[in-house]
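Among the features that TrEMBL reports, signal peptide is placed at 1-20. The domain 'Sulfotransferase' feature in TrEMBL is assigned to 55-294. Under the heading active site, for sulfotransferase activity, TrEMBL lists LYS64. Residues or ranges marked as 3'-phosphoadenylyl sulfate binding site by TrEMBL: LYS64, GLY65, GLY66, THR67, ARG68, ARG147, SER155, TYR255, LYS270, GLY271, ARG272, ALA273, HIS274.
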Amino acid sequence: MAALLLGAVLLVAQPQLVPSRPAELGQQELLRKAGTLQDDVRDGAAPNGSAQQLPQTIIIGVRKGGTRALLEMLSLHPDVAAAENEVHFFDWEEHYSHGLGWYLSQMPFSWPHQLTVEKTPAYFTSPKVPERVHSMNPSIRLLLILRDPSERVLSDYTQVFYNHMQKRKPYPSIEEFLVRDGRLNVDYKALNRSLYHVHMQNWLRFFPLRHIHIVDGDRLIRDPFPEIQKVERFLKLSPQINASNFYFNKTKGFYCLRDSGRDRCLHESKGRAHPQVDPKLLNKLHEYFHEPNKKFFELVGRTFDWH
């Protein structure tokens, strides 16, 4: 009898992980792969029953495609728990070397029924990332938000330009980056980030297309609700986000969010005006992306309203 009682006490004392959604790889199995189960259980649980979970969904990119807007809109859903900052776990060697235990510690506390989401836009264009994500969880659902490649290049430049301006550092004009010896400078990194078919091929080596939902970033800006409805369906979330959660802010010139009577807009750094570009140079940019865009459309089996 004493032995039975002792066994029962030991069984009760074993720490328990909060289970993830049934459709995803179990959190215990993921953490066992890292060999850090006991430490992560002890560090990741809270007295109120919530816990930190590895993400079941990742917004993988693209940079300047609208990832922050997508995350903020998705966070309107009560069954979504979003990591506040870009984690850069899979693309930064220093972070990746810390292992899944460190990655788990960067996640928000959530309830068992909630979906944990993180976003790091650089994942989409980082060659090592798809295999690393697949190694963690081959059944994970991925969100990719894209916009017109030419517009994305201009947004990419604009962000870096304003970062330099805030630090009172000079920065070359966009023409100096885009043109070299009278031709389009194909070595400009911002151009490479907009070659969507190249990066998508890398992801499709490890994940079937049905695991990657592509959000139309241009449509999300113009009319966000239908795009978010598609995301809800892809993530198998109940339809909780409504058209009333969005309102057009005439001052800012884009949609803001309304959540439980509280209005909020994206940071002022979002939606900045692009630099004026010579129309001839802009046409060169459009021509450059024409064939890559066709390859991308064929790859994903759908088209987008891009130049």
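Note that the numbers count up from 1, one per residue, in the order the chain is shown.
Using N, Cα and C of the backbone, Cβ positions are placed for all residues, glycine too.
Locations of recorded TrEMBL features on the structure.
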residue : record                                     : contacts (Cβ under 8 Å, 6+ apart)
LYS64   : active site, for sulfotransferase activity : PRO121, ARG147, ARG152, SER155, ASP156, GLN159
GLY66   : 3'-phosphoadenylyl sulfate binding site    : ILE145, ARG147, VAL215, GLY217, LEU220, ILE221
HIS274  : 3'-phosphoadenylyl sulfate binding site    : GLU151, LEU154, SER155, TYR157, THR158
Taking ARG68, SER155 as the binding-site residues to compare, which has the smallest set of other Cβ atoms within 10 Å?
ARG68
